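Peer 1: According to Swiss-Prot, the protein has these features:
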SIGNAL    1-19  signal peptide
TOPO_DOM  20-621  topological domain 'Extracellular'
CARBOHYD  N36  N-linked glycosylation site
CARBOHYD  N227  N-linked glycosylation site
CARBOHYD  N291  N-linked glycosylation site
CARBOHYD  N427  N-linked glycosylation site
CARBOHYD  N532  N-linked glycosylation site
CARBOHYD  N566  N-linked glycosylation site
TRANSMEM  622-642  transmembrane segment
TOPO_DOM  643-695  topological domain 'Cytoplasmic'
TRANSMEM  696-716  transmembrane segment
TOPO_DOM  717-898  topological domain 'Extracellular'
CARBOHYD  N783  N-linked glycosylation site
CARBOHYD  N895  N-linked glycosylation site
TRANSMEM  899-919  transmembrane segment
TOPO_DOM  920-977  topological domain 'Cytoplasmic'
REGION    954-977  region 'Disordered'
Amino acid sequence: MNKNLLVFGFLIFVKIGETSKKFPLRAFVASTDIDNDTAHAIIEMLRLAEMTFNALSDVDFDVLLGTRDLPPMEMATMMWNLNRIICDEMKLGYMLMLAGTNFKNYGIYEDIANHMKMPLIDWEPSKSENIGKTTENNPMIFSVAPSAEQLLIDYIQYKGWRDVVYIHDGKNADRTLRTMFSYLHEKSPKYQLFVDNYVAPSDEEMFKEFLNEFHRRISTQHTLKSNDSSEEIDEPIPVNVIVDLEGSYRTRAFLRALEESVLVKKEYHYVFSNFDVDETDLSGFHFSLINITIFRIFDKNNKKFLKTRAEFHDVYRGGFSNTDSIPTAAAFAHDAILVAGKALQIAMNEHGKGIFDKSFVRHQLFNRGRKGLYCRPHEDQTESRQFETFEHGKKIAEAIKKVVLTDKDGTLTGRIQFDKVTGKRTNFSAEIVEIKPGVNSLNSIWERFQWAEGEGFLLGGERYVQEKKKDSSQTRKGILPSKPWQLRFNVVTVLVKPFVMLKRRNPGEPELKGNDRFEGYCIDLLNLLAKNITGFEYDVFISDGNKYGSRQADGSWDGMIGYLLNETADVAVAPLTITQERERAVDFSKPFMTTGISIMIKKPEKQEFNIFSFMEPLGMTIWIFTLSSYFGVSLTIFLVSWFSPYEKRIEFKRGEFTVTNEFTLYNSLWFTLAAFMQQGTDILPRAVSGRIASSCWWFFTLIIVSSYTANLAAFLTLERMTPPIESVEDLANQNKILYGVNEGGSTAAFFEDSIVPLYKKMWNFMVSTTQKQIELEKQSITNSTSNRIFVSSYADGIEKVRTSKGKYAFLLEETTNNYESGRRPCDTMKVGQNLNTLGYGIATKIGNPLRVSLNLAILYLSEKGELKKLENKWWYDRGQCDTGTSDGGTSSSLNLSKVAGIFYILLAGMVLSMCTALVEFLFRKNKENREKERNRMRSSRPLKPGILASCERAKQKQLQNRRTKSEEVSTPRSTLF
């Protein structure tokens with residue numbers, strides 16, 4: 001039993017060892033100061049290809065890719081520095097080198113590959129000087145990128161050109177021309193071709209000046225020829241220009257300069273000989289007077305290409321936002337990894353699966369039994385080493401020669417096969433795309449040629465005019481329309497108020513058909529476009545599921561974008577947001593409307609007034625401080641009046657002179673209250689100190705009463721509806737109100753892709769809330785999805801806002817938000833500013849020349865104010881709600897509910913006054929009764945004679961004192977105390 005277990009465990013160990021083989025590769029990626037984005041794109045595509053190959057089920061090993069970034073190097077030190085970097089990497093060991101060579105560094109790679117017998121797979125075209133297959137070329141370098149010399153010659157012969165202008169970088173001209181003429185002589189010995197050479201500037205900023213001078217020189221030459229010729233030349237002399245520049249950056253810079261160049265005429269025909277130009281780069285030439293031809297090696301309709309493109313743009317979002325393609329160099333680098341993996345597999349099949357087992361131990365290369373591989377043996381200090389080449393180099397190189405890959409194997413650039421003598425790519429195919437824009441872009445002619453090496457142009461070239469039928473998958477070939485645009489366009493849209501809506505049919509009216517079924521902003525826009533574009537006729541249909549279009553996991557698109565890509569529709573006219581992701585899939589016109597993401601909430605109920613609403617113009621803190629000030633000032637006036645001698649008075653009362661002070665505590669409170677209520681009193685301070693205190697109190701009451709009056713007038717006559725949130729920050733920083741978006745739309749993509757912390761926080765909240773709701777639904781018997789915050793359409797989101805009693809906010813475009821807020825039942829509103837700025841555009845398939853005419857028509861309508869009129873018509877002129885004042889409230893007259901409190905206070909004051917009067921009356925009555933009772937008791941008590949005489953004398957003395965004081969007061973010297 002134990003023996004069987006040991007054997008079983010050993011077999012498992014062996015199997016794991018077999019499936020865990022990792023063969024290292026090394027990629028050297030050079031970056032430049034001006035085009036660092038391409039280097040990053042190449043690295044990402046290399047990693048993507050590594051994962052693609054390692055995921056294959058029929059391969060029992062993995063490739064382990066290591067990348068080495070090569071910084072910009074000076075020409076003088078490049079040989080030493082690059083040689084040192086490659087040899088240092090070789091000490092660690094790898095099975096294959098991958099690189100993108102150029103004319104500056106090709107010789108270094110060539111020397112190392114030959115010297116060390118280390119195969120190199122190059123993702124740039126071959127720079128070898130050998131031309132014919134009879135001469136043995138370097139068997140260690142293989143170029144995945146094909147050379148275009150044969151394609152150029154075939155194209156020149158197809159066009160029948162005898163004179164061409166060749167614009168190049170200088171270093172590649174001799175090799176390219178020798179290859180072209182060698183192939184031409186082999187194919188057509190009697191065909192004569194004259195080439196005029198021009199060297200392009202090394203600085204891309206000088207391209208425009210170079211082209212202007214070039215066009216001026218060509219124009220001068222043609223003028224001189226016309227003057228020297230005895231016959232009149234009715235037609236201009238054609239100028240056929242071949243542009244052969246190194247790298248996509250320089251090629252695209254040349255295109256931009258050509259677009260801005262002057263003196264260019266319709267007789268010019270520019271041919272770009274590399275594969276770095278895409279159809280989207282030609283959008284600026286639809287209305288130019290020149291012809292442009294490009295070579296394309298991608299099949300954009302291939303599912304593998306679409307999937308890889310989607311994965312690439314997921315991991316790398318820089319530098320290539322204006323194209324739906326992949327950088328050509330990055331695509332060739334991707335295929336180079338597949339070639340390397342396939343070659344290793346072939347070598348193992350031919351020489352045994354264990355051929356490389358002894359070469360790598362613990363990720364260290366052992367070459368011929370010695371650790372590492374040294375370009376310079378003396379650098380190994382640990383042992384005496386002789387120079388030795390890579391022992392498996394020739395076997396791997398021979399395996400590369402046997403590699404045959406197609407798009408079924410995952411390649412992006414079609415069939416890959418190498419010439420066994422030259423190492424160049426052979427038996428490849430390409431597509432030639434030629435644009436001949438006319439004055440009316442709707443009649444622009446495109447020519448497409450399918451070309452295969454050794455066979456030439458398939459079917460003799462395929463010429464067609466971009467016309468659309470109801471079955472848009474068919475294309476009329478070889479003819480021009482007899483009349484402009486007699487065929488109709490298929491326009492796809494979605495039902496979104498007020499852009500596109502179904503017309504209401506009144507009872508008794510016939511059933512609506514065709515375009516008459518719809519109304520709305522977009523329908524009116526289509527009518528205006530039809531009036532301004534000759535022959536523009538259309539049929540409108542609704543997108544299945546009312547979907548705008550989002551990219552699927554396999555790289556395909558649904559919704560309106562999907563209809564455009566599969567050519568079921570020609571144009572998409574709807575509130576379709578222009579986004580970076582959609583721009584890669586389709587072409588957009590100029591925006592016909594600008595909007596942004598906004599917040600929709602349920603309109604709060606009108607503010608209810610309580611009986612103490614009159615106190616709300618001032619905050620509670622102000623009321624407390626005012627009341628405290630009242631008592632404080634009253635006490636202050638009382639104290640300063642008590643201590644100030646100038647506030648005292650002498651009064652004659654009951655026959656006596658007494659010193660009195662009118663500002664008792666009771667009178668001080670009354671005086672201060674009267675001043676606060678803007679009323680007068682019969683007492684005023686006489687002392688300076690009392691007047692200072694009173695003046696400050698009067699100033700205080702003036703400001704308080706004036707402010708209160710102003711706020712009270714606005715407060716009581718304005719009905720405010722205070723929203724629970726006023727900005728996106730308020731929404732994100734609370735958890736009582738849920739919020740969501742339309743699932744799969746551009747708004748959801750905005751939050752998902754945003755790098756703004758606030759928006760990332762909101763997206764994470766929406767996702768986590770949805771997951772919690774799904775878990776609750778799984779546990780629920782009803783399994784209802786009505787509580788989910790993500791909705792399938794705008795209509796569902798708006799309805800959710802209306803039925804959630806203020807507990808749900810919907811994030812949507814401002815246009816729809818404003819429209820719904822102005823429609824019955826008038827219970828929604830927009831809050832806060834827009835989160836971003838978006839544009840709605842008309843979408844067409846990439847390369848459709850109709851886009852240019854749409855752009856011109858939209859700009860014309862915008863300048864004439866027609867687009868603004870449409871907006872006013874559908875948003876404001878047909879509004880059903882009272883918009884009210886701009887500050888969020890509506891002005892109205894006072895009603896009892898707003899001022900009921902003051903009536904209650906008045907009534908309470910009157911009742912309190914009467915109650916107080918009653919208490920005072922009872923108190924006084926009781927006091928008088930007690931006084932009468934006391935006097936009665938005194939009068940009834942008999943007095944002794946001695947006591948009676950004493951009382952009489954005291955009374956006489958008191959009268960005498962009063963007379964004396966009266967005489968003193970009447971004298972001139974009498975003064976106040």
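From the backbone N, Cα and C atoms, a Cβ is placed for every residue, glycine too.
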Peer 1: On a simple 10 Å Cβ count over all chains shown, which one of the glycosylation sites N36, N291, N427, N532 is most densely packed?
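Peer 2: Top count of Cβ atoms within 10 Å goes to N291.
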Peer 1: What does DSSP call N427 (N-linked glycosylation site) in the simple three-state scheme?
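Peer 2: Where N427 (N-linked glycosylation site) sits, the three-state DSSP reduction gives coil.
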Peer 1: How does the model score the topological domain 'Cytoplasmic' (920-977) in terms of mean pLDDT?
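Peer 2: In the predicted model, the topological domain 'Cytoplasmic' (920-977) has a mean pLDDT of 67.
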Peer 1: Per DSSP, how many helix, strand and coil residues does the topological domain 'Cytoplasmic' (643-695) have?
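Peer 2: Counting residues per DSSP class in the topological domain 'Cytoplasmic' (643-695), I get 24 helix, 12 strand, 17 coil.
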Peer 1: Grab the same-chain neighbours of the transmembrane segment (622-642) for me: Cβ-Cβ under 8 Å, and only residues 6 or more beyond its ends, written as numbers and ranges.
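Peer 2: For the transmembrane segment (622-642), the list is 615, 661-665, 668-669, 671-673, 676, 685, 687, 689-690, 693-694, 696-697, 700, 704.
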Peer 1: Hey, does DSSP put N36 (N-linked glycosylation site) in a helix, a strand, or just coil?
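Peer 2: For N36 (N-linked glycosylation site) - judged by DSSP and reduced to three states - the answer is helix.
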Peer 1: For N427 (N-linked glycosylation site) and N291 (N-linked glycosylation site), determine the Cα separation and express it in whole Å.
Peer 2: 28
Peer 1: Over all shown protein chains, what is the count of other CB atoms within 10 A of the CB belonging to N566 (N-linked glycosylation site)?
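Peer 2: Summing over all protein chains shown, N566 (N-linked glycosylation site) has 14 other Cβ atoms within 10 Å.
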Peer 1: Where N291 (N-linked glycosylation site) and N566 (N-linked glycosylation site) are concerned, what is their Cα separation in Å, rounded?
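Peer 2: Their Cα atoms are separated by 28 Å.
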Peer 1: Through the lens of DSSP with three states only, how would you label N532 (N-linked glycosylation site)?
Peer 2: helix
Peer 1: What's the CA-CA gap between N532 (N-linked glycosylation site) and N566 (N-linked glycosylation site) in angstrom, rounded?
Peer 2: 28
Peer 1: How many whole Å apart are the CA atoms of N36 (N-linked glycosylation site) and N566 (N-linked glycosylation site)?
Peer 2: 35
